[in-house]
Amino acid sequence: MQRIGVIGVGEIGRAIVEGLCDEGGTSPGIFLSPRGARTAAELSERYEGVRVCADNQEVVDRSELVIIAVRRQDHHEALAGLELDDHKTVVSLLAGVAIDDLRRTLATGAPIVRAIPLPAVRERRSATVTCPSHPVVDSLFQQLGGALPVEDEDAFNVFSALTGTLTAHYSYLATLTSWAAGHGIASDTADRYVRGLFRNVGRSLDDGTRPLHRLAADHETPGGNNERIRTTWFDPANATALKEALDGLLADLRQERPAGPAFSPDRPAGRDGSADPA
Ligand SMILES: NC(=O)C1=CN([C@@H]2O[C@H](COP(=O)(O)OP(=O)(O)OC[C@H]3O[C@@H](n4cnc5c(N)ncnc54)[C@H](OP(=O)(O)O)[C@@H]3O)[C@@H](O)[C@H]2O)C=CC1
């Protein structure tokens, strides 16, 4: 296990540290940037091998593998001017920043690998897409639930766009709950029931022998309630709107001019006001 540095100790930086250090994991030396101060301090108190550095350069100097986990709009400020020699390995979690662009910012010949870890790496339950494949980086994520190396950055950006659908899924469930509450069901009862319904959906996804359209058909009575909602709400127009939203996101991730209107949040997005949620 290498000495690992983390620049940007927010939601995903914390999940990686917890996944590496929690019971059963190897506890490597981990060096954290001082920004995200509260989380960094908490992690360094909780885990023996974790310490907070004075600045980002110290993180780089002490680490063999450096994970960049700042928001995209902060990466120039966080990284420009750092000295990073070619023997280190860089893992970039920055969505929408190509390897060549990051290499220019870092001015380094070190290998740069992009990765999409998800919060479930905390429990070592989530496969992480990586690009390009790199033995050290892939084995790091293997330890956190699996590595899924993809061939090129085009493919990587498609996976990145897919991960952008997660919070819409939670909002969909919240909408179901509030609809039921609007019809007189106690909110906590509706909440519990919806969670239970979709926990079972999650379990049925473990059955890899049945394709997704087969799962849909198997859960549907012909002419029944599920068919009605699927065909009246998730109709072709709705499916097309979803695909167009994904196309727009993909164009942004590839740093192309999007075909449709560009995404411009009119309110702070994300838990912390970040306009660049994963
Ligand atoms: N959350 C997720 O599930 C995933 C996120 N990502 C990517 O990871 C990155 C981080 O996302 P997320 O953890 O959600 O974001 P957060 O906002 O939770 O964390 C970002 C952290 O970066 C810190 N930071 C800001 N500027 C600097 C700087 N100059 N030097 C060092 N640290 C700095 C922030 O500190 P402060 O609080 O002081 O501002 C904050 O702690 C993003 O690029 C995102 O696209 C990728 C995959 C999944």
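Any Cβ shown, glycine's included, is placed from N, Cα and C.
Here TrEMBL flags Asn56 as NADPH binding site. Secondary structure at Asn56 (NADPH binding site), as computed by DSSP, is helix. Neighbour density for Asn56 (NADPH binding site): within 10 A of its CB lie 23 other CB atoms from the protein chains shown.
Residues annotated as compositional bias 'Basic and acidic residues' in TrEMBL: 268-278.
Annotation source TrEMBL lists domain 'Pyrroline-5-carboxylate reductase catalytic N-terminal' at 3-96. Broken down with DSSP, the domain 'Pyrroline-5-carboxylate reductase catalytic N-terminal' (3-96) shows 36 helix, 18 strand, 40 coil.
According to TrEMBL, the region 'Disordered' annotation covers 253-278.
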